[in-house]
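Worksheet for the structure shown next.
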């Protein structure tokens, strides 16, 4: 059964994820002229660079949409962002600086909520602006078909007729002007930007070259902290969690998760917190490069992980991080709602997050420079008296106890010596004149 349509479905309803930009505007009008019945759906994801959401559906109607709807996706996006924090669903990092999978989270919400809205209007064909080289074409495909098994996909950017007529932005602008809309292209930037309430992605064009970097980016969620003329004052902030959910900032309770992220974005953004430069593997295994912003996610992540390390034992933390790496990849691949992802996420939310209650106080400076000033929780297993270097009453263990514990180590030490001897006889290790222990033999064997 054909799922992807390569030609305009004449006379049929076609839902388009409509941003109001040149690409989707030209695509909507072009489909209308070719005989399709375009329905426009716009996701309100709280994009920091979007000034007037209500104007977008009106614009779609002007361009020929049969119907245009604005879908408020912010509450769902905020909750998915918190779920990602709780489960540590992040697999891409460089030098300890994390990418918080904000675009994959946005696609999970957009792909499900827009297709659900289309089903309400009996629209079973969906198009969006993703290209064949990127991740989004697969993410939207998966989420769309999960939500509506009867869904067909029509993307003008996969239709050769559309490409031949409107293959570039100059052609699209000329087409819209000819149609009487006087659409002018916005000034070309040195890179492209995609954003939602959780974070922003800057990529492509000049940023495809690794000798261009963060210094050419104009942040939309924070400040250009690398510029010496940008003043950034140190600031203290406290974040409170209750059973894994953020509930207060600086002592002020915030029940609405959307408002929580907006407040954290404001605070973190004043410092440029959460910006990172990453080289990553796309779903198709080719490498790409992006520069990311996520001030609110970064604040939550730092505070949450501080409580995790103070509350849980080493084995739990290890499993949380291993599962988080795997879950981050699944999220990146468009599998956030697949059973294997739900299993990993639910495990972390139930057995890790539910114990995470407390308050962490930070001092934020420039960029990702911060200090942890205080950690408070009724669930802390950190107890300074257990390992105090001072003499304490009722010590949890004595020198004699430690002697016994060390003596027990002799068992595995004997086994280790025997194994090293076996490897030496096999030629895998050699005894050097300056070494008391066997060394790897330079990879010769």
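Quick reminder: no glycine exception, Cβ is built from N, Cα and C everywhere.
According to Swiss-Prot, the feature ATP binding site maps to 17, 18, 19, 20, 21, 22, 23, 24, 25, 43, 129, 131, 136, 194. Counting Cβ atoms from all protein chains shown, residue 23 (ATP binding site) has 17 others lying within 10 Å of its own Cβ.
Around the Cβ of residue 280 (L-citrulline binding site), the number of neighbouring Cβ atoms within 10 Å comes to 16. According to DSSP, residue 280 (L-citrulline binding site) sits within a strand segment. If you look up Swiss-Prot, you'll see 99, 135, 139, 192, 201, 203, 280 marked as L-citrulline binding site, on the strength of sequence analysis.
Annotation source Swiss-Prot lists L-aspartate binding site at 131, 135, 136, citing sequence analysis. Within 10 Å of the C-beta atom of residue 131 (L-aspartate binding site) sit 11 other C-beta atoms, taking all shown protein chains into account.
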Whole-number Å value of the largest CA-CA distance among 17, 18, 19, 20, 21, 22, 23, 24, 25, 43, 129, 131, 136, 194, listed as ATP-binding: 19
For residue 201 (L-citrulline binding site), write down the residues of its own chain that are at least 6 apart in sequence and whose Cβ falls under 8 Å from its Cβ; none is a fine answer. 102, 103, 193, 194, 195, 290, 291, 292
Name the one residue among 17, 19, 21, 25 whose Cα is closest in three-dimensional space to that of residue 139 (L-citrulline binding site); these are the binding-site residues. 17
Closest of the binding-site residues to residue 17 (ATP binding site), Cα to Cα, picking from 99, 131, 135? 131
Around residue 25 (ATP binding site), how many other CB atoms lie within 10 A of its CB? 26
